[in-house]
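The block underneath contains the structure these notes are about, expressed in structure tokens.
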């Protein structure tokens, strides 16, 4: 529908309004020059886009269980654990950088510029004397980077700002509904603010008839491993791949959209926001104070450049820079909320409050470290290395162990049509490319790396491998087999819980898989309901058997009770109606609907042991109300109203039966007492078919047939 398309567009825009796109990408581009764009675009289209499509497709395929995508190969469950842990660490370093923007806003409101602690002296002029201010890097070193043991004033400011920042993020992740709405609000406000600030700078550039030149291109940097590694990390941070954000969000909110179109639109919004952010910060970086200053903290250059911009401007010198800091805060809140919401989905009961409180405590402890080196390590080394390693193992589990053919079949069921085989090639090639770049960077020359004295490049990989091996041993020990090798093979197979979380989608998927494996043919009437292609194909009458799956015999339930993977009611628009069809079971009717089953104009027949009782029931049907058994069929959902009431009117006090006609009836003579008795009872209809009595059980998966 148009509403779902609009919601998909808005959500794709909101997921890109993050700190990594608004602040980090312009910082990395200014640091490495335009040569940074070459590896960035190559990795973005050859690795980033295929992984985006894979995660979006898996999110729609798994539904609300997308957080447990490791079930495709439980032996590598540690990769998913590491990715969620890296997402939580990313929330910590984002908060530690965003808190500087919060304190800057407070100081700009209540103090004069330059700050009192950022004055190096005074100099005499004709009209008296004037202050000699420090540049942004020196000012930050003498204020925010002062040890807590030397000065507690700025540490108190940072701590209070952290409490505010994490408190807002905690409220935003209270529930799925609040998370979706707050993400929409914050991201849209941030996007409008980004457009406003960029338009203002472009307007001023036209008035001055001057716009800063783009950063130079240095060809020799393309042979540097650090350039390719930083480009890979930026692609991961910008697109949110590997953290589990895309599977969780699409499985919860974008389950009806087309995966391929959603991936392309998502990437387009990513490029648009990156371009606008670069246009904004290229003006902030182009001021004489920043150009002539010594860079002490490269990771914090956007914050100090805005402060230098304040010192260099006279008109609206407080309002506009304050809005720049506000933009950073809004983008950081979106990033932290996404990280906490995604990390909490992997654990039972989704402890987002606990994760937020632990993150707040860890952030305050990180402030006590000198020179801000823990946030810098998390930003440029630890989080990036962990997430690259987790993506490599996750892709290996999905495409190599689970199998490219299996994932192709599953995604064909989810998307509703076959996908290009080239995507499979890129998915299988991506782990090799990622591991190659990571290994090249680890063995590269790090003499110019300022953080080498704190942590070697290979140290996060040791931690990554240790966690993956430990969790793999736990999964292997839980298997039952004759030998250790067999236990390893069993741990590599998909778990029983693998597949769509919604029971109706799971039922159709199992039928889809069984048909594909048995006959090699694909019954497209079983593909995921709610997709645009499926809906249009049914409207156009593309499938001859579509009437079998129609809703002419069932009325839709309340619109709000629709399944996450289907567009209609629980039974009226789902594939499970293939087993619970009203043509198969007499006496079954759904609440809010009244229909009759005349069995194609022929009288209803009952089993021998219940015929007498059923005849008395039919004679007294006008006087007494039939006995009804109530069957509630629920879906796994947090909404207590998601239930469909089924009334079953049995033919007797015993087990109810339903008739199923056999078109290939046998004309062989029947002998025996039971057969002669059945023939005498059926003497009223000489043309009766061979009768199969199908026993109806309350469990929809346990049907039996009696002759």
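Backbone N, Cα and C atoms are what each Cβ position is placed from, and that goes for glycine too.
Checking TrEMBL for transmembrane segment across the ranges 443-460, 461-478, 479-496, 497-514 points to 461-478. Given the ranges 133-152, 153-172, 293-312, the record in TrEMBL names 153-172 as transmembrane segment.
The transmembrane segment (353-374) shares more Cβ pairs under 8 Å with 153-172 than with any other stretch in the list 153-172, 227-251, 380-402, 423-441, 461-478. Counting residues 6+ beyond its ends, the transmembrane segment (153-172) has Cβ neighbours under 8 Å at 91, 95-96, 98-100, 102-103, 106, 143-144, 146, 178-179, 182-183, 186, 329, 332-333, 336-337, 340, 352-353, 356-357, 359-360, 363-364, 367-368 in the same chain.
Of the two recorded stretches, the transmembrane segment (184-207) lies close to the transmembrane segment (323-341), with three or more CB pairs under 8 Å once pairs fewer than 6 apart in sequence are set aside. Under 8 Å from some Cβ of the transmembrane segment (423-441) lie the Cβ atoms of residues 43, 46-47, 50-51, 53-54, 225-226, 228-229, 232, 385, 388-389, 391-393, 395-396, 398-400, 404, 407-408, 457, 461, all in the same chain and six or more residues away from its ends. Within the chain carrying the transmembrane segment (263-283), a Cβ under 8 angstroms from the stretch's Cβ atoms is held by residues 8-9, 12-13, 15-17, 21-23, 25-27, 29-30, 44, 48-49, 52-53, 56, 191, 194-195, 197-198, 201-202, 205, 211-212, 214-215, 238-239, 302, 305, 309, 324, all 6 or more beyond its ends. In the three-state DSSP scheme, residue 332 (Na(+) binding site) falls into the helix class. Listed as Cβ neighbours of the transmembrane segment (323-341) (distance under 8 Å, sequence separation of 6 or more from its ends, same chain) are residues 14-15, 17-23, 87-88, 90-91, 94-95, 97-98, 101-102, 104-105, 108, 165-166, 168-170, 172-173, 179, 182-183, 186-187, 189-190, 193-194, 196-197, 240, 243, 245, 248-249, 280, 284, 302-303, 306, 352, 355-356, 359.
Its Cβ taken as reference, residue 270 (Na(+) binding site) is surrounded by 25 other Cβ atoms within 10 Å in the chains shown. Taking the Cβ of residue 332 (Na(+) binding site) as reference, residues of its chain lying under 8 Å away and at least six apart in sequence are, in sequence order, 19, 94, 95, 97, 98, 101, 165.
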